[in-house]
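One structure is given here, and the rest of the page talks about it.
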Amino acid sequence: MVRNIVVETMKRSPFTETEVEIVERKGVGHPDSLADGIAESVSRALCREYIERFGRILHHNTDEVQIVAGESRPEFGGGEVIRPIYILVTGRATAYVGDEEIPVGTIALEAATEYLEETVRHLDTEKHVVIEPKIGHGSADLRDVFERGEEVPLANDTSFGVGYAPLTTTERLVYETERKINSPKLKKDLPEVGEDVKVMALREDNKIELTVAAAMVSQRIDDIDHYISVVEELRDRVADLAAEIASDHDVEVHVNTADDYERESVYLTVTGTSAEQGDDGSVGRGNRVNGLITPFRPMSMEAAAGKNPVNHVGKLYNVLAHQMAREIYEETSADEVYVRLLSQIGHPIDDPKAVDVHLVGDVSEEDERVARRVADELLENITELTERIVEGEIEVF
């Protein structure tokens, strides 16, 4: 097969030489990330059920999850949730095969509950949350497209995916900061810190200002002095991480900058997530498939979480574009690599309408040949992504 792969060389300075950069990551306990996580966990659970029953994944998309914030009354040493968080799990799934019924609603409820229990330590899914699955049937034409792709799945949409490599120092710092704050080790050392974490970085030349918003768990904090000590300790740990990752940058760390210590108006929550009061969440409003929000870099607005991992190019092409960019970067002398993939509905996913690869820097003709080869090989094996996504080896937010 001869694929439409175009490799272009861009003679310009790499992005790291720009004066300004902004990067954001919403942590796993942020309402938007919780919506993503629930959507993806439901999709994976359905995939496993379909495989167990029928030996293959059936048509579904569960990429519509809405979190409606509850109401809470946090206070030092305690607090309560007085109106639960409402979570609506919608989408489409195959509920019948012949006369056999698949309990789609039950699977969705169990998957969402399990995900919340694993992700937000202080969230009581029996008291603090109401989960309502409302998953319907997919349209006949898209189910038909799904079923027709026996050897290679057929694209369910005309859509595009974008990716780039490598990550900048600022991007790595933002990603790793959230991962560290939500790591088991930090939660053991500082159990007062909740899972709802948001990290924003502004780089101006060589200076990075890192702003962290971290929900604190009220029942674990005795008073304002205790709260302040936790914030200061968290700031120190983030600063230590920044010294490792961004040693050649001047990094300034801020934590919970909206706090007013004199009025004791601080970021307290009962559960560790702002979804308990005042902050709603939706699939696709947060991190892109590389775990970041990067307004200075190419991004797709596609909500990848919850989409089926078989033929939904909105998911597969964004994952593949980043993988393709990384591997091309590793195998060539390019300073940066940018990849764009375009599908056409009804056509095999391994044969995109267009593959556009940009190599930035002083590259050779051999580098261009390598880029084409890597792109071609990854497209040839695109169906391998499905199992890796189902097994949770690939994250999409």
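A Cβ is built for glycine as well, from the same backbone N, Cα and C atoms used for every other residue.
Annotated in Swiss-Prot:
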BINDING   Gly136, His137, Gly138, Ser139, Ala140, Asp141  ATP binding site
Cβ packing number for Gly136 (ATP binding site), 10 Å threshold: 11
Long-range Cβ environment of His137 (ATP binding site), under 8 Å and at least 6 residues apart: Arg92, Ala93, Thr94, Ala95
